[in-house]
Amino acid sequence: MAGNTIGQLFRVTTFGESHGLALGCIVDGVPPGISLTEADLQHDLDRRRPGTSRYTTQRREPDQVKILSGVFEGVTTGTSIGLLIENTDQRSQDYSAIKDVFRPGHADYTYEQKYGLRDYRGGGRSSARETAMRVAAGAIAKKYLAEKFGIEIRGCLTQMGDIPLEIKDWSQVEQNPFFCPDPDKIEALDELMRALKKEGDSIGAKVTVVASGVPAGLGEPVFDRLDADIAHALMSINAVKGVEIGDGFDVVALRGSQNRDEITKDGFQSNHAGGILGGISSGQQIIAHMALKPTSSITVPGRTINRFGEEVEMITKGRHDPCVGIRAVPIAEAMLAIVLMDHLLRQRAQNADVKTDIPRW
């Protein structure tokens, strides 16, 4: 299986399956001399891990990360950092009934068409359980970006179903189970989730991630544009079906006079572009949004076929999220951090000596 690595200078390679013994990753390109402990990674893992809310899957995994290599006496050595998280709460018997059945809306059918077999236990490699290692690797990037460049990366839920959420108060995001920045909408989200659990159904969501303090100049035209790499990283997250940078698809209804971000001596007067122009960061906030589909792991009966081509009725068993968008927030933050870390190292490698007199804000 190819496609398990992201990045060029800051490279993250993950391995493991949902019901395997463990998940792991190798992180290459981490500069030496960075203070790093398992506790530095655990905070974001705790934000992502299952079983922490009545609105997410009740699979209870502690997700305790172990640093296996690349750190000596609490400091990175510049060599490959190996990370491992053991799986402790697998219930593979929940999936025995789908050994020969393809769950509609899942990767069962396509994995078997591609490889001729599949690990049917919780989706195997296609499960969102894999993203735990992305979050661990992303936490390394977030720490480096914050300490060396003052870059802050934050994410939040900005829509669930037909309930739009305004970014009113970032401090509220960690104070509720929805990563919601709009305290006036938490009750409505709660009611929607209770209704979905009662119906055995699910709902889609929109997640927004913002990076502040990113310097101008990151991005490698033409094929490794910063926005292209961000879109690639976010689209690689399970259930993501669309990505927008800045105003995204809303620009369709705008005129050029409205959409352009005018510049004065005081700086940019707007940020419709989401902090990226010509594939290169402008120094403004980088803003990206991603749309996540409603999970197909629901108890509402649906039609499908088995591997023998026979039509059968499917009712999903097991422990699942009514809205996968909730736990996607720390994953989106991690993927944005990984991309920015990679591009900062690439910029430093090629253009460290470049100096300009152009104003920066």
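Cβ atoms here come from the backbone N, Cα and C positions, even for glycine.
Going by Swiss-Prot, these are the annotated features:
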type    : residues                                                                                       : note
BINDING : Arg48, Arg54                                                                                   : NADP(+) binding site
BINDING : Arg125, Ser126, Ser127, Asn238, Ala239, Gly278, Lys293, Pro294, Thr295, Ser296, Ser297, Arg319 : FMN binding site
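Take the CB of Ser127 (FMN binding site) and look out to 10 A: across all protein chains shown you find 19 other CB atoms. In the three-state DSSP assignment, the secondary structure recorded for Ser297 (FMN binding site) is coil. If you measure from the Cα atom of Ser127 (FMN binding site) to that of Arg48 (NADP(+) binding site), you get 14 Å.
Look at the Cβ of each of the binding-site residues Thr295, Ser297 and count the other Cβ atoms within 10 Å; the largest number goes with Thr295.
With all protein chains in the displayed structure included, the most crowded Cβ environment within 10 Å among the binding-site residues Arg48, Arg125, Lys293 is that of Arg48. Ala239 (FMN binding site) is 15 Å away from Arg48 (NADP(+) binding site) when you measure Cα to Cα.
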